[in-house]
Structure formats: C-alpha cells, structure tokens
Amino acid sequence: MYKTLIRPILFKFDPEEVHYFTFSMLKNFPFLTKLFLPKPIEDKRLEREVFGLKFKNPVGLAAGFDKNAVLFEELSDLGFGFVEIGTLTPKGQPGNDKKRLFRLKEDSAIINRMGFNNEGVDAAVERLKKNKSVLIGGNIGKNKVTPNEEAVNDYKICFEALFPYVDYFVVNVSSPNTPNLRELQDKEPLTQLLGTLQQMNTEKSNPKPILLKIAPDLSDDQLLDIIDIVKDTKIAGVIATNTTLSRENLTSENKSETGGLSGKPLTKRSTEVIRFLSEKSGKAFPIIGVGGIHTAKDAIEKLDAGASLIQLYTGFIYEGPELINEINKELLVRASRLPR
Ligand SMILES: Cc1cc2nc3c(=O)[nH]c(=O)nc-3n(C[C@H](O)[C@H](O)[C@H](O)COP(=O)(O)O)c2cc1C
C-alpha cells in the first residue's frame, strides 16, 4: 500500500515539506494509520532485554525523525519497539538554510545537512512528561555556536534536563552537519566528554545507559580507540552508525549535495563497523545497528554481525511502516526454527 500508492504521491513534493505533512497527518489523523496500515506484530518472542531495558521488539526509530519528541506515541503505535528523539541541543536553533534535505531516488538514499534544527531540550522535556509507555532514547548534542572547548557543558545541560524522562542516552558526536563536531570523536576529548557524563550518571540513584553514536567513516585504528574508550569510561554501548561523507557509486542527480548520506549506499559499511566493534571488543558491550536497513535481510545481517537492536530512518521513508512488520515477521520465522 505505502510503496504503490502513498510513496509515489509523497515523492512528488519537497522532502522536508513531506516530512512535516506526514507528521501532521500521523498526529492529527491517527485513524488513517489504523485504516491503511497493517496492525503491528506483538509477540513475546520479539522482546529483548538490552542494557537492563526491556524492548517490546528490537526495531527502533533512529534519531533525527522525531527531533522534538512530538510524535513518539504515534510512532510506537506504528510498531517501533523504541523511539530515539533528538538530536537535542540546550537552546533551540534553526539549523542550516533550506534546501537541506535531498532524495537520491535511484540510489534509495538521502543526503541531509539539517544541522541539528530543534526547539531545544526544554520543549522536548515538556512533551516527554506526558509519555506513559514508550521506550525513549534521548540523543543529545551541542549548539552550533558553542565552541568545541565548551561542548561538554552543552551535553551536561541536555543530560540533566532529560534524565527523568528518557530510558537511555545517546551522545552524538558524529553528525557531519555541525562544524567540527566530529573532532569530538578523537580519543582525548571523547574520553573527557563520556567520562564526565558517566560520572554524573553514576552519582544518580538510578543510572541510565549512555551510548555513543559513531560515524561510519572512522578508520580501524579509530574504531579500536572507540572500543578502549567505551571500556575505560564504562558507558553502556555504541550506536553504529550515523550518516557518511562518502559518495561512492552514486548515480542520482543530487549525489554532489553537501551533507550526510544515508540509506542503501550505507548498508554494507555500517554492518562492517558493527562486525568490527563486536569482534574486536569480544562482544564487550551492546551495539545498536543502524544504516541502510531497507529489508528484513539487511536487519538480520546487522543482528548477525553483532547488533542487539536495530534502528531505521531512510528505509522507513523508502519502504514505509510495513518494513517494521516485515523485519519482526522474519525474526519470528527465525525464532521458530531455533531449538527449544
Ligand atoms: C534527515 C535526517 C536527519 C537526521 N538527523 C539526525 C540527528 O539529529 N541525530 C542523529 O544522531 N542522527 C541523525 N540522522 C542519522 C540517522 O539517525 C541514521 O543514523 C542514519 O541516517 C543511518 O540510518 P539510515 O540509513 O537508516 O537512515 C539523521 C538522518 C536523516 C536522514
């Protein structure tokens, strides 16, 4: 239904406008979702326990779609096992100038240079106060105007504000669209940033899992550094991966736009990163796998490579909400093949 009827219409319009239109449809006309989309699969065998949290299924929505925590309930109703909000920054900011979101249809991909457009952490907190049951990840970053030397403070502000309202945290230092942000992935600043947040976390009576979201463009040596840092700072795990700066093998007209590339061209690399981290660390920490999942097979490959959970973004746009059920159905088929 989505791919044959809805997507051809949506894809005729500007991607960012379509994003806001879809948002308002899901928010204001939830009965349409119920009418046109299959019922989400619920099954005990899909449940996962990862970093001490119980997920109703392992398929989550990646950061960047519901930046301001406006739609997490409706998205959970579509079948997502968890929803990651953000990236949020201490103060609201408009992000980069439009146009900043591009479809690469022939490549089943997207290039975005949104630049952390968001209403600020306090606006999201107000909405999250109404959350009853959705498992929420809080993805946090720094404001564009904050120099890297003061970045830790921005992350601390977001961490404190969100602490009572999210189930896990994601420290985002891997977006290519905030100038110099990725420099925070270097060993020294990253150890300091994660160490500070983890210290604040352990001083709480109910510490929450902190995850690090990394770029797919890191070298093997940098990935080995990441493993050391995760172990040294004792954070809960890693999200692999964010969008890529690579532009290999693209054919679409928009291939030269500046920004982060997501979707099918990222599938293989993000799975490689997951496998590398899992093998080289000796499965020392859980990994959430994200990047170019457009089919159930893509999802299974990430889980087989070492991911405990997965997330969708571009695949959700191209394949529609049915992709969530498709993946969960395949997981059930696999579960029924396992010896009991
Ligand atoms: C339009 C757009 C906006 C995004 N914004 C964020 C963001 O704010 N924070 C973040 O950590 N990742 C962000 N991402 C990255 C996704 O969460 C995901 O890591 C990446 O797109 C790879 O997954 P995919 O191929 O399934 O899209 C964004 C991606 C897209 C396409």
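In case you wondered, yes, glycine gets a Cβ from its N, Cα and C as well.
These come from TrEMBL:
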DOMAIN    46-331  domain 'Dihydroorotate dehydrogenase catalytic'
BINDING   A63, G64, F65, D66, K67, T87, N139, N172, K213, T241, G263, G292, Y313, T314  FMN binding site
BINDING   K67, N112, R113, M114, G115, F116, N172, N177, N242, T243  substrate binding site
ACT_SITE  S175  active site, nucleophile
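Within 10 Å of the residue listed as 'active site, nucleophile', counting C-alpha to C-alpha distances, fall the following of the binding-site residues F65, R113, G115, K213: R113, G115, K213. Take the mean position of the Cβ atoms of K67, N112, R113, M114, G115, F116, N172, N177, N242, T243, the recorded substrate site; other residues of that chain with a Cβ within 8 Å of it are G64, T87, G95, S175, P176, T178, G259, G260. Sequence-distant neighbours of F65 (FMN binding site) (same chain, 6+ residues apart, CB-CB distance under 8 A): L75, Y313, F316. Reported as a whole number, the C-alpha separation between G115 (substrate binding site) and A63 (FMN binding site) equals 13 Å. A 10 Å cutoff on Cβ-Cβ distances gives N242 (substrate binding site) a total of 26 other Cβ atoms nearby, all chains included. Contact annotation for binding-site residues (A63, F65, R113, G115, N172, Y313) versus ligand 1: A63, N172, Y313, each with CB under 6 Å from a ligand atom. Looking only at the binding-site residues K67, R113, K213, the densest Cβ neighbourhood within 10 Å occurs at K213.
Among the binding-site residues R113, N172, N242, the ones whose Cα is located within 10 Å of the Cα of N139 (FMN binding site) are N172. Just so you know, the Cβ of G263 (FMN binding site) picks up 23 other Cβ atoms within 10 Å once every protein chain is counted.
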